[in-house]
């Protein structure tokens, strides 16, 4: 089991069912050392308000040895790669992941989807692209992986894509892992938990990693320090409270 989970939702996204406290309790049970709460960006119909993200500063950084990152799963909005996390929100966020969601960016053809995803990475704010293997949004996988390596953006293997969501993702996810491996990029693992019990569960991601012989040294979830170093390399200030993780 990896000690870091980078994608989950709380009851602030009203189609999810757990609180921050629930995730802390589950992390302690599973020996998860660091996680990021990444509720949906405000352009989603049931997403938290802008104020929710701005007020995450009241969250403790460390509770009972568990580190907490303030995150968002922003929505890619258009072909220019704009997202619904801008201005002061960017300074309130530790970890910014972004992806396609149908209510905000309806599926388009492969060329358009690829253009939008690469443009999002090129803007320089996003750290991780969420569930890029969604078959509803076909992309040029080689081009996406090479762009991710160029812009130092991780592509996600999303465990939920193999279970409850985005049916038919497995072939794409395997191809993405192979392409990221070949491009020398970063892979991020996300449970995409909508309830705390699935925190830190990456069994399907781990199977793909083994099948394609993906190098552990290019997976952000291997340790809290690796993830924090990545964020610092991307320009985020060090978080003193998490220095000992």
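Positions of Cβ are set from backbone N, Cα and C atoms, glycine also.
In the record from Swiss-Prot, residues 7, 9, 192 bind Zn(2+) 1; the candidate from 73, 241 listed for the same site is 73. When Swiss-Prot records 15, 40 as binding Zn(2+) 2, the matching candidate from 194, 204 it lists for that site is 194. Site annotation (Swiss-Prot, ligand Zn(2+) 3) includes 73, 101; from 49, 52, 131, the additional listed residue is 131. Its own atom aside, the Cβ of residue 101 (Zn(2+) 3 binding site) has 23 Cβ atoms within 10 angstroms in the protein chains shown. Between the CA atoms of residue 192 (Zn(2+) 1 binding site) and residue 40 (Zn(2+) 2 binding site) there is a gap of 11 Å, rounded to the nearest whole number.
Of all the binding-site residues listed here (73, 192), it is 192 whose C-beta has the fewest other C-beta atoms within 10 angstroms.
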